[in-house]
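Here's the structure we're looking at; comments come further down.
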Amino acid sequence: MTQANNAVYTDLSVDDLVKEALQRGEGVLADTGALVVETGHRTGRSPVDRFIVEEPSTQDAIAWGPINRKFPADKFDALWARVEAFNNAQEHFVSHVHVGSAEDHYLAVKMTTQTAWQNLFGRCLFINPAKYNPAGRDEWQVLNVANFECVPERDGTNSDGCVILNFAQKKVLIAGMRYAGEMKKAMFSVQNFLLPASDVLPMHCAANIGEAGDVTLFFGLSGTGKTTLSADESRYLIGDDEHGWGEGVVFNIEGGCYAKCIDLSEKNEPVIWKAIKHGAVLENVVIDDAKHADYTNVSLTQNSRAAYPLEHVAKRSEKNLGGEPNAVIFLTCDLTGVLPPVSILSEEQAAYHFLSGYTALVGSTEMGSGGGIKSTFSTCFGAPFFPRPAGEYAELLIKRIRGFGSKVYLVNTGWTGGGYGVGKRFNIPTTRGVIAAIQSGALIGAETEHLDTINLDVPLAVPGVETGLLNPRNTWADKAAYDEAAKALAGLFIENFKKFEVSDAIKAAGPKL
């Protein structure tokens, strides 16, 4: 443990970070030993407060708009100086971490936080290398000062908080944000911009490896099942959220997991349950007087979270990477009950559904989305985190799928037998059965039937899954109502896809009216 005269705590151990957080009243310990914290009125990401500095080296490569908002370079310099001075006047914490597990693609990051618990969070989620920055690369700086209050009129921000990326200066400024997920997603966005230049596809996905070395990717928005389904006791976890796919390799961008905790149970999610122990952080989880976590209590938020290092997962890839994927799974939470539990996709269909990113917003992962559930299209299954034009990522995906011969599947973790409020959601064991069949190779070359309106091919049988569930129309009591719902969903797909300039073959791979 080192402490400089200016009260900078540098590269503390996990034990010491927990101790400092407790001494400062930043959180309390749960009965499992995990540190429990609350993040105030922001319990999810704030997309309207995220900016990218407009500067010559990147301005022509970024898809500017409501997601990637421009921020003036001079305003950034002034605000960084102001926040840094505020932070330097008090005790703070510094850790040196990597973002990206592949030797050729890591970023060396100096992470400075005002709070001990956010530094612990960063140590959970980022990579703690045996040797820091062995290649001697230029260092990125993350400055995360939770108690600084931005003044929009003075600082050029949207509110009292901000997340600003500066590629030219290799800086990420996070001010006024207690929700720690902002730090993780900011560095993901950085890698999402940088990796394509090295012919690496960055992906919002989970990944795991079977005993035979076969790799599966799970794409999907928050709440669709990436973390839960990839945490499989029969397989080795690479990671639950952020990966890069290059020639010959899938590598984790992170060194930990950030699991949604709502309704978490030891029975359905044993890997996650066991990982929540000393060194982990529980964010906005309610605990009782006995310090026992109540994962069913959503009084703080539906977006309660657990952050833990991969070392807390018994079966994991020791190198934090694997080979190229045999199976690529797009997870979608379909509110309408129209999509089947599993469809087998062609290359063109893979591109179509990757660009569409159809799913539901489940819970309040983003501030302002409310606690309910609504359908959405999120390009690349993670639109908020991809700075380049979507077509660049889609082209890289097709290149990688074609080059390795990966099989691609669309898996619905949402509703069956009717839409939200009428039907019911697929239970986790059913979806795990679908995943197991995919990973066993049972669906390769399987006999299928074609569903015309949604233009998908559905296997006639899936080992371990009830056959009556496979064609969604058969699960509806009112077949005419299903047909109408299918047409309505097809219309949403078609309308959303108008913004993409792609080949006719890809356009033809989507739903039809």
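In case you wondered, yes, glycine gets a Cβ from its N, Cα and C as well.
Of all the Cβ atoms in the protein chains shown, 23 others lie within 10 Å of the Cβ of K185 (substrate binding site). In the three-state DSSP classification, K185 (substrate binding site) falls within a helix. Per Swiss-Prot, substrate binding site is recorded for R45, Y179, K185, R305, and the stated evidence type is sequence analysis.
The Mn(2+) binding site feature in Swiss-Prot is assigned to K185, H204, D241; the stated evidence is sequence analysis. The C-beta environment of H204 (Mn(2+) binding site), restricted to residues of the same chain at least 6 apart in sequence and closer than 8 Å, consists of F188, F219, G220, L221, D241, E242, C380, F381, G382, F385.
Look at Swiss-Prot and you will find K185, H204, G220, L221, S222, G223, T224, G225, K226, T227, T228, E269, R305, T431 tagged as ATP binding site, backed by sequence analysis. H204 (Mn(2+) binding site) falls within a strand when secondary structure is assigned with DSSP.
Residue environment of T228 (ATP binding site) contains 24 other Cβ atoms, counted within 10 Å of its Cβ in all protein chains. Distances between the Cα of T224 (ATP binding site) and those of the binding-site residues R45, K185, R305 are shortest for R305. Geometry remark: S222 (ATP binding site) versus R305 (substrate binding site), CA distance 11 Å. A distance of 13 Å separates the Cα atom of R305 (substrate binding site) from that of T228 (ATP binding site).
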